Amino acid sequence: MHHFQYRNGELHAEDVPVRELASRYGTPLYVYSAATLRRHFQAFDSAFTGVGHLTCYSVKANSNVHLLRLLAEMGAGMDIVSGGEMHRALAAGVPGQRIVYSGVGKQDDEIRAALEADILLFNAESVQELERINALAGQMGRTARIGVRINPDVDPKTHPYISTGMRNNKFGLDMEQARAAYLLARDLPNVQPVGIDCHIGSQLTTLAPFLEALDRVLDFHERLRDLGLAITHLDLGGGLGITYGEETPPHPKEFGEAVSERLRGRGLSLILEPGRVIAGNAGILVGRVIYTKSTPSKNFIIADAAMNDLVRPSLYQSYHRIAEVQPAGRDEITADVVGPICESGDFLARDRILPGMQQGDLLAVFSAGAYGFSMSSNYNSRPRAAEVLVDGASARCIRKRETLADLVAPELHAEE
Ligand code: LLP
């Protein structure tokens, strides 16, 4: 459920006509719904009420500080993968004690900053990283709470680029290596092994892979207990999928119940890292049709929104629903919706049946709240889009549109 609906013949974001936002802030424009974000967070978080848990929103999905603040105010923690994401989380007022840090390539300055912030948990992904965290913590006179990320070798049945828990993926350690890593951690003076972590992939539309991974991790947890390790936290990562088109992912409640049942009586506190399921359907990308053309083989709708704004269709062949902001009742055509970028891979939709939009029409690309703006770039020297947050009848700009001056400033002032 989301709050982008048609009323009085035009698309609204909550109570605000999207047309008005486009004329006030220009296009391409990301529009988010606060009510949807709150609702999604609540639905997810309350699915785990039966078990001690912390829902750490995955910052990478949408890193806007204002969104992070909204979620933090609801009690969310944050899952980060870089010093930059930690900077954002702290700027949004998230206490270090609600931050967990994953990623295969944590660097010294990032580890130091995370130790400084006294984060809840480092999810270490290699023995070298564990040694590095231990050394830096020692230099700083601190102790780092760590977990080891397990690669459970489970197929999440999603796009290969976003599968992370299979044997050949770069993430985590297999059970044998992880066991050795925990034994090492037990003996290192400046790390305290308190967690166990896994994240098997993103946009999962069935529960089975989650539960298979969880069962393997719980078995492994018992082996750790036999080694005398007192693990208190189990981090199950993120990955719950959303509906872009025809997908029917499990409801968070179903996910929560299945996981909670398996954790009962184990004395483990659960950490979850949802990103897409919170932000995905809480945002749309609004563009305007610049031109249309029909070649002998295809119809093209050329919009001012492109792969630099939303790369998912180009990178993962992802489906995003596209519709007119003000439906005009035109006959349907089959068209590619493309942007101005000089690559044939620049498209938002291919061979899509759509109303025959015309020059100047506004279009909305749905389900663009996660991995939309956060993956955007300046390719072809296109300034990045503005972002607007709607809450009921009010709307405010939460990131201004980049200017041409912004594009060249770091180059013109490179020596400063
Ligand atoms: N935790 C870890 C360690 C992760 O690597 C990820 C996502 C998440 C949590 C959040 O997963 P989510 O709940 O959002 O599925 N750019 C891709 C998705 C990449 C996901 C990377 N890791 C896309 O646009 O589909």
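Note: Cβ is positioned from N, Cα and C throughout, glycine not excepted.
Automatic prediction, not curation, is the source of TrEMBL annotations.
When TrEMBL records ARG312, TYR316, GLU343, TYR371 as binding substrate, the matching candidate from ARG264, ARG266, ARG276 it lists for that site is ARG276.
The candidate list GLY228, GLY239, GLY329, GLY339 contains one residue that TrEMBL assigns to the pyridoxal 5'-phosphate site with GLU273, PRO274, GLY275, ARG276, TYR371, namely GLY239. Summary for the binding-site residues GLU273, GLU343: the Cβ-based neighbour count within 10 Å is maximal at GLU273. Among the binding-site residues listed (GLY239, GLU343, TYR371), GLY239, TYR371 have a CB atom closer than 6 Å to some atom of ligand 1, in sequence order. Looking only at the recorded positions LYS60, ARG312, TYR316, GLU343, the one with its C-alpha closest to GLY275 (pyridoxal 5'-phosphate binding site) is LYS60. Site extent for substrate: the farthest pair of Cα atoms among ARG276, ARG312, TYR316, GLU343, TYR371 sits 27 Å apart. Cβ neighbours of TYR316 (substrate binding site) (same chain, under 8 Å, six or more residues apart in sequence): HIS159, TYR161, ILE162. Highest Cβ count within 10 Å among the recorded positions LYS60, ARG276, ARG312: ARG276. Of all the binding-site residues listed here (GLY239, GLU273, ARG312, GLU343, TYR371), TYR371 has the Cα closest to the Cα of LYS60 (N6-(pyridoxal phosphate)lysine).
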